[in-house]
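Feature annotations, reproduced from TrEMBL:
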type	residues	note
ACT_SITE	D127	active site, proton acceptor
BINDING	G11, R72, C73, G102, D103, G104, S105	ATP binding site
BINDING	R21, A22, V23, V24, R25, R154, G185, A186, E187, R211, K213, L214, H215	ADP binding site
BINDING	D103	Mg(2+) binding site
BINDING	T125, I126, D127, R162, M169, G170, R171, E222, R243, Y249, I250, Q251, R252	substrate binding site
DOMAIN	3-275	domain 'Phosphofructokinase'
Amino acid sequence: MRRIGVLTSGGDAPGMNAAIRAVVRAGIYNNIQVMGIARGYAGLINGEIKEMDLASVGDIIHRGGTILKTARCEEFKTDAGREKALNVLEVFGIDGLVVIGGDGSFMGAQKLSHAGIKTIGIPGTIDNDLSYTDYTIGFDTAVNTVLDAVSKIRDTSTSHERISIIEVMGRHCGDIALYAGLAGGAESVLVPEEEFDIDDICKKLIQGKARRKLHHIIMLAEGTGDALELKKEIFNKTGIEARVTVLGYIQRGGSPTAFDRILASRMGARAVELLMEEKSGRVIGIKKNELIDMDIDEALSANREFHKEMYELTKILSI
Ligand code: ATP
C-alpha cells in the first residue's frame, strides 16, 4: 500500500477531523502517502484530491465539522458515477480508501471494495444508528450538546413552572434522546424503538402539577413523531400548555468531546493498519472499549439492539 485516500461523506459529525488527522498521521508514520478527497463521493468523481502532509491536519483535532467537507452524491449511486470514481482513483494511483460516514457511505464503500479498491469504513455520524458498533464518532458530542441545552431549558422551565418538549436528532434511532434524557433527568423519553401512551404522559404531567413539580421535560427523538402535534395532543387532553424546542443543527456542531476525539484517533489509525494488511470491505467499530472490524455487509445487516435497560431506568428515575 503506497498511496491511500480519505474522505468524509453524509452528514458531518464532530470528531471527523480527529479521524482524518489520525488517518493522515498514521499513514505518514508508516511511509504511506495520504490523499485528501474533498466533498465525499462527489469530490471523488470530480477529482478534488490533494496530498495531505503533517501540517495539513495540524490544529484540527478540537474542531467540529470536517476540513475535507462532506456531501451527499446521487451520481455515485449509479454505475456510471462509480465508474468515473474508479477512473479517478486509478489516475491518482490510490489503491486504498478510508471512508468516514454513516450507513449510506458504507454502502458506497462496499461497492468500491467489490470493484477492487481496498476500502475501510469508519463510523462518523451523530445518530449512533449503526448496530454493529457500541458508538459512532460524534454521538457523544451530540449528547453533550443536547445536555447543555436541556440544562438551560430546565432553568427557564423551572422559573416559569412550564412543560418543555425538546425534540432531538437521531432519525430512526432514539439513542441521542435516551442518553441525553437519562443524563438530563427528563421526565419522559420518547423514542422510535418503544411505543408510548400519550395518556401515561398526561397522567404524569397532571400528577406532577398536583405535587407542585416545577418543571417537566419531555425528550422527543425526531423519529418518534412531531413535537408540535404532541404539544397539541397534550393541550387537548390536559389543558396544559407545553413549550417546544427543536434543537436542530446545533447538535451537529461544536468541538468534539474527549471521548469522540479518542474514538476517532483510534479508529483512524486502525483503518490504516487494516489497509496495510491488505484488508478491504470492512468497517471499524468499538465493542466494550475494544476496536473491532467487520465485513461491511454483515455490519449493515446486523440487528440493532436498543438499550432497554437504560430506557426503563429513565422511567424509574422520573417517578
Ligand atoms: P448520515 O448517517 O449522516 O446520513 P450517511 O453516510 O448514511 O450519513 P447518506 O446520504 O445515506 O449518508 O450517504 C452518503 C452518500 O453515500 C450518498 O450521497 C451516496 O453518494 C453514497 N451512497 C449512499 N447509498 C449508496 C448506495 N446504495 N450505493 C452507492 N453509494 C451510496
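Glycine residues also receive a Cβ, built from the backbone N, Cα and C atoms like all the rest.
Just so you know, TrEMBL annotations never went through curation; they're auto-generated.
Owing to the predicted nature of the structure, the values given are computational and were not obtained by experimental measurement.
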**Fill in**
Spacing of the two Cα atoms, T125 (substrate binding site) and G102 (ATP binding site), in whole angstrom, works out to 6
**Request:** Just name the most isolated of the binding-site residues V23, C73, M169, I250, going by other Cβ atoms within 10 Å of its Cβ.
**Result:** I250
**Request:** Looking only at the domain 'Phosphofructokinase' (3-275), report the model's average pLDDT.
**Result:** 96
**Asked** Going by C-alpha positions, which of the recorded positions (R25, G104, D127, G185) is nearest I250 (substrate binding site)?
**Response** D127
**Complete:** For ligand 1, the binding-site residues of G11, R72, T125, M169, E187 whose CB is under 6 Å from one of its atoms are G11, R72, T125
**Rounded distance in angstrom between the Cα atoms of V23 (ADP binding site) and D103 (ATP binding site)** = 20
**Message:** Run through C73, D127, R252 for me and report the recorded positions whose CA is within 10 Å of the CA of K213 (ADP binding site), in sequence order.
**Reply:** none
**Asked** Within 10 Å of the Cβ of R243 (substrate binding site), how many other Cβ atoms are there?
**Response** 14
